[in-house]
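Okay, these came from TrEMBL:
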- 21-250: domain 'Ion transport' (DOMAIN)
- 366-631: domain 'Ion transport' (DOMAIN)
- 12-34: transmembrane segment (TRANSMEM)
- 62-81: transmembrane segment (TRANSMEM)
- 93-114: transmembrane segment (TRANSMEM)
- 151-173: transmembrane segment (TRANSMEM)
- 193-210: transmembrane segment (TRANSMEM)
- 222-247: transmembrane segment (TRANSMEM)
- 370-389: transmembrane segment (TRANSMEM)
- 401-425: transmembrane segment (TRANSMEM)
- 437-457: transmembrane segment (TRANSMEM)
- 515-539: transmembrane segment (TRANSMEM)
- 606-628: transmembrane segment (TRANSMEM)
Amino acid sequence: MDARSMWLYRWYYSDMCQWILSFIIFLILSLAFIETPSSFTSTSDVRYRMAPWNPPCGLTEAIEVLCLLVFVADLSVKSYLVAWVQFRKNLWLLGYLLVLIVSLMDWMVSLSLVCQEPLRIRRLFRPFFLLQNSSMMKKTLKCIRWSLPEMASVVLLLALHLCVFTMLGMLLFTGEKQDDGQDRERLTYFRNLPEALTSLLVLLTTANNPDVMVPAYSKNRAYAIFFIIFTLIGSLFLMNLLTAIIYNQFRGYLMKSLQASLFRKRLGTRAAYEVLSSTAEGDGQPRGIGVKPQDLLQVLQKVQVDSTYKQAIMEKVRSYGGSLLSADEFQKIFNELDKRMTKEHPPRPQYQSPFLQSAQFLFGHLYFDYLGNLIVLANLVSICVFLVIDADVVPRNRDDFVLGILNCVFVLYYLVEMLLKVFALGLSGYLSYPSNMFDGLVTIILLGLELSTLAVYRFPHPGWKPEMQGLLSLWDMLRLVNMLIVFRFLRIVPSMKLMAVVASTILDLIKNMRAFGGILVVVYYVFAIIGINLFHGVIVVPPGNGSLAPDNGSVACGSYEQLEYWANNFDDFAAALVTLWNVMVVNNWQVFLDAYQRYSGPWSKIYFVLWWLVSSVIWVNLFLALILENFLHKWDRRSHLHSVSGDLETTYEMSTVELLFRDILEEPAEEELVEKLKRHPHVQLCR
């Protein structure tokens, strides 16, 4: 708690140091795209992929060791700040130390073998650097760990369900004749126990429905009962039950973790109050205990916090005048940090002329926005009409005269609309609305493209089909313009209240659910590295199948080869990520199970089933739970605001995951905070 340690603490948690540390984490994770096998090829298709560029030995290793040295310095600072006693108790810091030791030793092995080692263990540990740097990701992992027992009970029930129906299926589909439906079902899906188990596991995700029951169902419709009952119990009951359990348990444990986080925040604020408080005297007698506003303002000058929040806090402190701040008032002041402030729009320009005032009222009115939305809709309809008319005409034979004229007219309107809004609201007022900034940016790009088109290909005229000049053809220029116009149609979202709630939910998820996105990055990274080590180079093109010939009768219909899934492999990091994504979606994932079983062995199924459990079952359900919680929070808040004021705009909005559950978190009691402070090893209360 000395001055030097406090200075080091402030320096370590400064924006610059944290940005540097985040960049180093990003850099070491990105090395997987460059290291051998590198992802520097235009395609991952094994039929067309050229030999990739692989960095010389020592290049990525030099970057990696610099990153590791930064992590060593990071661990040293953290261990110094928390001291040895706390360091020994912190499993994350001990794990940090262990990962750094293993990574440095593996790095030295790589150099000693001239980068020819078959396995780089340290690549598996790189996501740990991302995990240990995020407190919210640690909370998420802890909540997942606490939820695992409840998840395991349903997963075991699913396994029992699979085993029972697998046995029933193998007993049921035992055809006596070679050409009957039972025998075709057995040979295709129930040949042996692993095949039957795999077929029903895939059916649990509905990826092979109704293919799996067609051979038997085509002979006797009664066989459909078996598959319908299996799907009802497994997919519609047990899988949704698992989603409900994950939602309920994870939400409960996350609230418990956030409750502890709220307690630490309030404890820190109360500790600051105890340190800053003093006794006011009057007529030689003590008149009260509290914090002097001028002392708090002096301390706030040194606090590292966003200027907007600091200004709001200081204004609230000044509102108390010279009276002492009580503990409750002190706490309420710092509640401003839990709010996201919406900046007020600048005042509109003042015009003296009655005509200009009328024009300002007209072009600044909400109905003018509605008119703009109708114009954009008309533009979109015109594009759709021409896409339908010219669907069967190749681009070089299209007459783009009418579409070119319409685009010019619409873009001219967008430009005039933007200028009129700037006139009505002022430049600063126009830019204070995010929707206007979006409109203005797209309009400027559209104007630039239209001017470039006119400069290169002249003004539209009948039979407007000039030869390609420059980098883009006329059709390419028109496509860019039309795509931007379609993109500009998103401006209608803020105008529709219900759609705006959904859109704001998505934006909040993107901005505030970084911890859950980080967990997904970690899982993808680890499984991709494992997949590369297990399946690198196992997918090879059979002789005579080096083209796109669809009439190759030597492969089974619906197989990896017939569907030409050659680009889905684990030959480099980028290809592995895409392959894992395609498996996570579970559409046709049985194709990957079958292909890698044939190319690498039956044990490959364990890898893909584990990935399905982690990604599709656990992580997707967690994300679904948070989407539901976020949307319900916004919907309830919208209904409350609408019933109170009839206006959806408010000064403060939800900004963090903590505030998502803020309404149901309990404020810690005063006695609990004081008792905790009395037992705190680094705070000595004078009273």
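Backbone N, Cα and C define each Cβ position, glycine as well.
Annotations in TrEMBL come from automatic prediction, not curation.
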With a Cβ cut-off under 8 Å, give me the same-chain residues at least six positions beyond the ends of the transmembrane segment (12-34) that come close to it.
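Same-chain contacts beyond the flanks: 40, 55, 60, 63-64, 67-68, 70-71, 74, 77-78, 81, 123, 126-127, 129-130, 133, 304, 521, 525, 528-529, 573-574.
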What stretch of 62-81, 222-247, 437-457, 515-539, 606-628 shows the most Cβ pairs under 8 Å to the transmembrane segment (93-114)?
62-81
Test of understanding: applying the rule of at least three C-beta pairs under 8 Å (pairs 6 or more apart in sequence), is the transmembrane segment (222-247) touching the transmembrane segment (151-173)?
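Stretch pair touches.
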Is the transmembrane segment (606-628) in contact with the transmembrane segment (515-539), using at least 3 Cβ pairs under 8 Å (sequence separation of 6 or more) as the test?
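Counting Cβ pairs under 8 Å (6 or more apart in sequence), the transmembrane segment (515-539) reaches the transmembrane segment (606-628), since there are 3 or more.
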When you scan the chain for residues with a C-beta under 8 Å from the transmembrane segment (401-425), skipping those not six or more beyond its ends, what do you find?
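For the transmembrane segment (401-425), the list is 348-349, 359-364, 368, 372, 375, 379, 382-383, 386, 433, 436, 439-440, 442-443, 446-447, 450, 453-454, 460-464, 478, 481-482, 485, 488.
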So what's near the transmembrane segment (606-628) in sequence-distant terms, Cβ-Cβ under 8 Å and 6+ beyond its ends?
144, 151, 155, 201, 205, 239, 242-243, 246-247, 250-251, 505, 509, 513, 516, 519-520, 523, 527, 530-531, 534, 580, 583-584, 586, 589, 592-593, 596, 660
Against which stretches of its own chain does the transmembrane segment (62-81) lie, if we need a Cβ under 8 Å and a gap of at least six residues from its ends?
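Contacts with the transmembrane segment (62-81): 5, 8-9, 12, 20-21, 24, 27-28, 31, 87, 93, 96-97, 100, 103-104, 107, 122, 129.
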